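Remarks on the structure that follows.
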Amino acid sequence: MVNESPVRGGGTTTPPHILPNEVETDAAKRMAAGPPTVPASSDIIGDVVGDFGIWQLRTILIIFLCKIPAAWFMACIIFTGPELYPGSEFTCDTSYLDSGGNSSYIVSENQCYVMDGATGSSSECEQFTYESSFDSLIMQFNLVCLRDIFVAWTQYWHLFGVLVGGVMGTKMMLGISPRSTYCVGAVAQIVCGVVTGYARDFSLHCAFRCLSAVCCAIMFTAGQAIFADITAGMHRIGAIILYDTFWSIGVILLPGLSSFFNSWSLIYVGITFPTVMLIVLLYWTPDSPRWLLRHAVDRVSIDNVEEIIREGAAINDRTFKIPPDFRQQLEQLSERLKAQPPPAPWRELWQGKRAKTHMVAAHLALAFFVINFMGMLLNIRSFGRDYLVPNTIAMGFSEIIGCFLALHFALKHNKWKWQCAGVFNILAGILGCMGWIFTSADSMDADLKVTLWMIIATIPKAAVSCAQSMILACMNELMPANKKQLYVFSVVTWARVWLLSAPFFNVLRKIDTAMSLTSYCVFSILGGICTCLLLTPRTSVAPVVPAVEPSDKKEQSPLNAPVWTIESDVNNTRL
C-alpha cells in the first residue's frame with residue numbers, strides 16, 4: 001500500500017515516486033477520453049438506459065392502459081346481459097299461438113312455458129313482451145329463458161379469442177415488431193368492437209366478440225414484450241406482476257361506464273372508442289430495441305435503435321453513460337442477438353433437475369388459477385342483480401390487493417414466495433367453501449347474506465390474483481435461459497385452453513349459489529397445492545473481481561465470497 005501523509009486543509013500529498021505533472025497529465029487524458037468504453041460482452045442497452053427510470057415508467061403506464069379495454073370486453077356481459085325478472089320485466093306473449101281467438105293458454109310462473117288448456121300439451125314460449133328501461137342483449141336475442149347457457153356460450157367465444165390472440169400475437173412478433181403488432185391489434189379492436197355492438201344476429205355477435213378478444217390479446221401480448229425488454233431485474237418482475245392491476249382498474253370502472261348507457265349496443269361503443277387514445281399514446285411508446293437489433297437488416301434499423309436509446313438515456317438523465325463507440329457496440333449486440341441459438345425443443349423442457357415437477361405443477365396451477373380468476377368475477381351475478389355494482393367494484397379491489405401481495409412475496413420472501421402464495425390459496429379456498437353454512441338461511445337479512453357471500457368470495461379472489469400474477473411474472477426462473485421462452489408460452493397457452501370451461505361452471509348456480517362458488521374454491525385449493533411444489537433453483541455465482549492478492553487478511557471483503565442468487569436475466573416476453 002502507498003502511505004499518504006496528511007497536509008493542511010485535510011488533503012493528501014502526492015506519493016514521492018509520482019511527479020505532480022504526471023498526475024495532471026493522467027487526469028487530463030481521462031477527461032479527454034470521455035465515458036469509459038463498455039466491454040463488448042455486456043448489455044449496452046441496459047448499461048445506458050438503466051434497469052428502470054422515468055422513461056421506462058412512462059412506457060409502462062401507457063402500455064398498462066391496454067388492460068382496461070381488455071377487462072371491459074371480458075366483463076361487459078355482466079351489464080349487457082343482466083337478469084330479467086319474470087312477470088314484472090318480461091311476459092310470454094301468446095298472441096302468436098291464439099290464431100282463432102278461442103283457445104285458452106296457461107303460462108308458467110317463469111314465463112318460459114305455455115300449456116294449451118284444451119289439449120294439455122306444453123311448449124316453450126317463443127315470443128315475449130319486455131317492460132325494461134334497459135335494452136339488454138338478452139332482450140335483443142330473446143334469451144330470457146336460456147340466459148345462463150347462452151351467456152356462457154358468448155363468454156366462451158370471448159375466451160377462445162383470448163387463446164387465439166395470445167398465440168397469434170406471439171407468432172406475429174416473429175416478423176413484425178411489438179409496437180407495430182400492438183398498433184394492428186388496437187386498430188382492429190376498434191372495428192370489431194363496433195361491429196360486435198351492432199350485430200343483430202346472435203352468431204355474428206359471438207363471432208365478432210371472439211375477434212375483439214383476439215385483438216385485445218394481441219395488444220397486451222405485444223405490450224408486455226415492449227416493457228419487458230426495456231426493464232431488467234426485479235423492476236421487470238414487478239412490472240409484470242402489476243400488469244393485471246390495470247385490468248382490475250378496468251373492472252372497477254366498468255359499472256360507472258355502463259351507467260351512462262341504456263342499451264347494450266351503446267355499452268360496446270363506449271368500451272371500444274377509448275382505444276383510440278391508446279393509438280395516440282403510441283407516439284410516446286418506444287419499440288422493443290432488442291427485437292429491432294435482432295431483426296436489423298440495414299443501417300437504418302441500427303439508427304432507429306440508437307435514437308430510441310439516446311432518447312431513453314436523456315429522459316433518465318443518463319447521457320453520461322453513452323460511450324464513444326456506442327454505435328459500434330449496438331452493431332456488435334445486433335450480431336450477438338442474431339447468432340443466438342434457437343430455443344430448446346418442447347421435449348427438452350422435461351429434462352433436468354425437478355423439471356418434470358415444475359412442468360406439471362406450473363401447467364396445472366396456472367390452469368386452475370385462470371379458470372378461477374375469470375369465473376369468480378362472472379359468478380357475482382349469482383348474488384343478485386341489485387348488488388352487481390358494489391360486488392363488481394369489490395372484486396376489482398380484491399384483485400389489486402392480490403397483485404400487491406404477490407409483489408410483496410416476490411420482494412420480501414423471494415426464497416419461499418411460491419409456498420406463501422400456495423398456502424394463501426389453500427386457506428382462502430377452505431374459507432370459500434363455507435358458503436354452505438348459510439346458503440339455506442332464508443330468514444337471514446338479504447343484505448347481510450350478500451355481504452357474507454362477498455366476504456368469502458373476495459378473499460379467494462385476492463389469493464388467486466396473487467398466485468396468478470406471480471406465476472406469470474416469475475415462472476421463467478424455473479428453467480434455464482434457453483428454455484424460458486417456450487416454457488412460458490407452453491404454460492400460458494395450456495392454461496388458456498382450460499380457461500374456455502370457466503363460464504360453464506357458473507351454470508352450477510342453478511343448483512345452489514354455494515355450488516358454483518365451491519367449485520372455484522376447490523380449484524383455488526388444488527392450484528395452491530401445485531404452487532407449493534414450485535421452487536426457484538439457486539445457483540452459486542462468484543462475482544468477477546480483479547486478481548489481486550491481498551496483503552493482509554483484514555483486506556479480504558465478504559462481498560467477494562460466493563453467494564446464492566437467482567439468475568436475473570429473465571426473458572418473459574412471449575405471453
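Cβ coordinates are placed from backbone N, Cα and C, and glycine is handled just like the others.
Listed ranges 23-41, 156-174; the one TrEMBL annotates as transmembrane segment is 156-174. Tertiary neighbourhood of the transmembrane segment (360-380): same-chain residues 74-75, 77-78, 155, 159, 251, 387-388, 391-392, 395, 399, 425, 454, 457, 460-461, 464-465, 467-468, 471-472, 475, 478, 487, 490-492, 494-499, 501-503, 505-506, 509, 516-517, 520, 523-524, 526-527, 530-531, 533-534, selected by CB-CB distance under 8 Å and a gap of 6+ residues from either end. Tallying C-beta pairs under 8 angstroms between the transmembrane segment (418-438) and each of 211-228, 240-260, 266-284, 392-411, 517-536 places 517-536 first. Using the rule of three or more Cβ pairs under 8 Å, pairs at least 6 apart in sequence, the transmembrane segment (156-174) is in contact with the transmembrane segment (211-228).
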